[in-house]
Amino acid sequence: MQHEFWHQRWQENRIGFHQFTPSPLLVDYFNELGLKTSARIFVPLSGKTLDISWLLQQGYHVVAIELSQIAVTSLIEQLVEDFDIQFESSEKNNLIHYHHPQIDIFVGDFFDLSKEQLGQVDAIFDRAALIALPDDIRQDYVQHLIEISGAASQFLISYQYDAGSHEGPPFSVNAEEIKQLYAEAYDIRLLKEQLVDASQNKGNHPKSTLWILTAKF
């Protein structure tokens, strides 16, 4: 999963993808999933996103996985500051696990995370995972995500720009590919599509799209 690439990005602090406020789409539309506030939300490839703090503030439980220890250390420092959370840590199956009753954080390769380790989740919040992966990995990512989560409902944000205008990441994933990746397991609803400030993002004519995915079975 391009370990060296992402480790280097974090070591060099080249994290322009990190947002310093919670995702506006998350804040405005997450209630479309119709979840109880005690629901457990999975955040794959989480980085140190402030979206996790927002989810916790709403009363949700969170489980996240991130490859970079640097990112997770920063995330934990922020959570300790914001919520006075103290974590217990353990290690199993190549993954470091930080546990608190309201949040679990795993450090390591997403593909090493098992269904048993993840536990039951009610929904998946994917703002930056799918679009961080090149096309030769995305199908495997989606399949593993479905397997370990039991096809939990998804709040998925994709990103699209003109072909050839940027190499990625973030990678451009269009509506046709979203359907190819998810249609077998999910009913797919396009909820919101918006243009993105090109000066702040990669690629020509960038736009973000919010999808709600609901399991067919």
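Each Cβ is built from the backbone N, Cα and C atoms, and glycine gets one as well.
Marked as S-adenosyl-L-methionine binding site by Swiss-Prot: Trp10, Leu45, Glu66, Arg127.
With a 10 A radius on its CB, Arg127 (S-adenosyl-L-methionine binding site) counts 27 other CB atoms from all the protein chains. Of all Cβ atoms in the protein chains displayed, 24 besides its own lie within 10 Å of the Cβ of Glu66 (S-adenosyl-L-methionine binding site). Sequence-distant neighbours of Leu45 (S-adenosyl-L-methionine binding site): residues of the same chain at least 6 apart with a C-beta under 8 Å from its C-beta are Ile65, Glu66, Leu67, Phe110, Ala128, Ala129, Ala132.
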